[in-house]
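Engineer: Below is the structure I would like to discuss, written out as structure tokens.
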């Protein structure tokens, strides 16, 4: 404890100013007004007060708890931790700090339940759901966020002193001032002013109320800032003025309903079984972009943590013209002039003043003063030396810092302030079902290099020497004391500095190569610093392209890129990354901080040739912020690849700070330099092996040596956790070869092979696609010598499977893919069991210097699949993936207009990405879901009970509309989940970028309502353009309608559910939050075209199914809809709420003129939105895919027992040995590994390998133990003399005692 207030953390760290608070509450104030926010804080302060009174706590304890609560939400958004959980946690902690005594956890929970039920039922309409485990976990995070600074100075003691000094013995004055101090806890004054000033403010108000004589003179004699006293008084007066009009019982429930709730929070008290089994607590979850403390505590209490947000925008009028080769500036200018010829569009090449401008380049940045239309583009692309023309992109990176609960904050180190910038994610608790009980957290290590045992390699003389490592970030100071080999610093921005104004670049460089205090992995490596971001965290694609070219010229070995974004269609950037790796640069990149949502991988980490790194904590749990797979490049026709490649520590990692000391940061942008540093260290230890070490071989070694984390699927951990020493052993004996990721396909292995393992295969299903990455360590280019061969094992029923393959003609650079389409043959229609086989692939690369024969690698990919009989039609669902569009390339806005901080819809809208929870719920309910990646003309509707059309942005082919009408007549049912669409609102939600001076206009609304209306027109169903938002009740279920649309037309024979909700369109356009609108939101209809016709259900909001911004799920509603579509019986919860349709609206939503949807559409060829509202000119409908099945080569033998073990890498020839100076040193601290790491043998050979089952060994061991025990007992018991034969017989044959 500090000896006085002026030396305490209260004064030094926790006195903020008003601008700080407003800036840090920016995210919450996007949802609430300041007054509404204040009302919420008042409510929870009252909750703490009532809770403390029920627990009979001193007012000092209650006040301290309230201050803790306010401090937390001064640094975090309301949406990050449920205040109903944080409030009792603050009380629990304050009771210990104020030495009141530890409150019994059972008593605390029971008191919370009683208070919520009896005193707060007007606001909280459900039973208090949190338990002791939640309180204890929350306490840990609260301690971390408070920076371990728990001493709070209260105004009560100075108040007593001042009151006695002013008017001794006046209890009335003191009592009134005391109550005013208590009231001040409902305001921000405890965060803004010292406690003695708050006491003076309260006393001043009490004197005014009681008209105390002499008070004026007494205050005049004080040596304090009376203006501050008056400011405090004004705060308190504003509170009392607010209280006059604040009817808490009427208003607070509505306010709480608008506050996004942490997902997966308990909805009811767990049963006794659930209390004993932590599995009932739900999945791991997080709050992304909520804020934490950015203080860099030099006492080592708690440090700040970092995240990187990344966004791109097109720069108007600027285009990157890529050439087929590298040319000098004048040559490039002549090519452009020749291409544009006599076109009248003025253009100018933008000068690029950076170190690469003296060298030939393969691109130019051209600015057109007018619009470069189709003619202009065609002229440029018609030139033989011009490869591609793409828009220039502005890259904006936002550094965000977060605490251990993975809540992140928007941070600008230049001014030292943090701003909340929070997405709605899940409950902060880290309770994976694989962790069976609460356990002590491992202490956070000081040095990450110690954890990964880099010192073992240092002792062997491996320190990074001879390796050039590039850090693309925010720069680095020339004289920073932590670095001894800063070879070169270059600036690629428009700012005239090389130094780091943000601190992120310094930290990243420190993790890689620091040699002091917070040690880096490769202290002797050559550091090449590329400053590609300004202090405003802005960059341009052209800056990166020039810097990448320079890195190639400088023959950089390892490049760390701790940034990323969803724009995998920024072609110049993607192409240049390929060129980098093709030139031997090992690129390491962060996978992104958008977890725990799936489908959130960032580019370039999601590229096959790049090492994509995810983050874990020191408990070997996947960090909640770490992005999850799958990749979404391949959608809708294909399926994503496995990413990240590996994971490593990304939470509380120590690194260098700008000031020359150490700091602790978190995020995948921290995990990335950990791997980059490890790669640099590994590369320096195998420099003698020459070009055998390349981007592919390094990636192969990292993945093959990684340790798989139990209970985590491959889209979260990739191949597992980085193991530095095992990777080094692999590299020292590595032989050039190809490998596969994953190295086997076992669709029965859960949870690692999620989601494949959750749904068996059956005949007539859409092919299950497994996208395997091929890594080619033999050369930068390669090919498949022949089509892959399929070897089914007859005894293991492999002949029930049909396989088809797709792959590129050339594997470049260093990698490629093999997409395996798996189907069940006609013979397996009624069969159930496990089918096995393997795929054989031969990869070939050109010979290297000195070699005559091409390099070849023969790979075996084991396959195991669970097959079941074809399910009944009503249990089979078809998910329409073809009509879902997402960013990139167009601006497709989020479906929830309240989520202003994440405006783009970029997660793929797939059942295994942002609709993952819905998928799992339907599987648990017994439904089978397949994804359709092609038009409606490509599926057999007789196989399916219901087609799910959710959040569709694409147009429909006329042929699709006609076929769907016929399919419904023949018994197919249709469920549609729409979203908001209003052209006026779309124009309002466009945003203007000051840097690009360009307006971004949405290409659709949340869904493409005009297109959906065209699809539904034949049934007389149409959605409107009213944007509705708010809570409502359906049956006994509390529902939230988040930026949904209304049903404008519905058949008279149908039934609709009508609700009165807030008109969010008026709120967006006019700012009026009080306008309500009555509208139909759900409709059910039985088609009567034929006797066997299907049924239709439409609902105006998909947010309740979408994990991206889900506030309350409606999986139960979807299940009720499916019950209706499959049986024709309307569930009571829907029928009781239904009524006849409203009168049809005459005006339906129109397509917005000027939309660029045709640029990104698979359906449209020309612009839409003409005067007659036609959808525009449609392309010819694409043909349906016809899979060319591989000819099976049956093997009449059982599958080898070791077939599904992870494939090992080949070693070099047996005669090769490690360098002499490393042989003995590497024995210390390293786990023994086999020296050869043999490759899997061919299946036929492995099948004859003699093996002894484990159970036989155990049986033999048990027999030996029994015999030894009987022999021992025989020699140590009294016995009469017997013959030797009888003695031996006694040992082995027991005899009954007589």
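Every residue, even glycine, has its Cβ placed from backbone N, Cα and C.
TrEMBL entries are annotated by machine, without manual review.
The feature active site, charge relay system is assigned by TrEMBL to 473, 504, 669. Annotated compositional bias 'Polar residues' per TrEMBL: 264-286, in sequence order. Per TrEMBL, compositional bias 'Low complexity' is recorded for 287-298. Summarising the annotation, TrEMBL assigns domain 'Cyclin-like' to 46-144, 157-238. Under the heading region 'Disordered', TrEMBL lists 254-298. Taken from TrEMBL, the feature transmembrane segment applies to 1254-1272.
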Engineer: Could you count the residues of the domain 'Cyclin-like' (157-238) that DSSP puts in helix, in strand and in coil?
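Structural biologist: Output for the domain 'Cyclin-like' (157-238) reads 63 helix, 0 strand, 19 coil.
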Engineer: Give me the Cα-Cα distance between residue 669 (active site, charge relay system) and residue 504 (active site, charge relay system), rounded to a whole Å.
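Structural biologist: For residue 669 (active site, charge relay system) versus residue 504 (active site, charge relay system), the Cα atoms are 9 Å apart.
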Engineer: Show which residues of the chain containing residue 473 (active site, charge relay system), separated from it by at least 6 in sequence, have their CB under 8 Å from its CB.
Structural biologist: 500, 504, 505, 508, 509, 529, 530, 531, 532, 533, 560, 562, 563
Engineer: Could you give the number of helix, strand and coil residues in the domain 'Cyclin-like' (46-144) as assigned by DSSP?
Structural biologist: 68 helix, 0 strand, 31 coil
Engineer: Validating a neighbour-count step here. Other CB atoms within 10 A of the CB of residue 504 (active site, charge relay system): how many?
Structural biologist: 28
Engineer: So if I draw a 10 Å sphere around the Cβ of residue 669 (active site, charge relay system), how many other Cβ atoms end up inside it?
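Structural biologist: Result for residue 669 (active site, charge relay system): 32 neighbouring Cβ atoms inside 10 Å.
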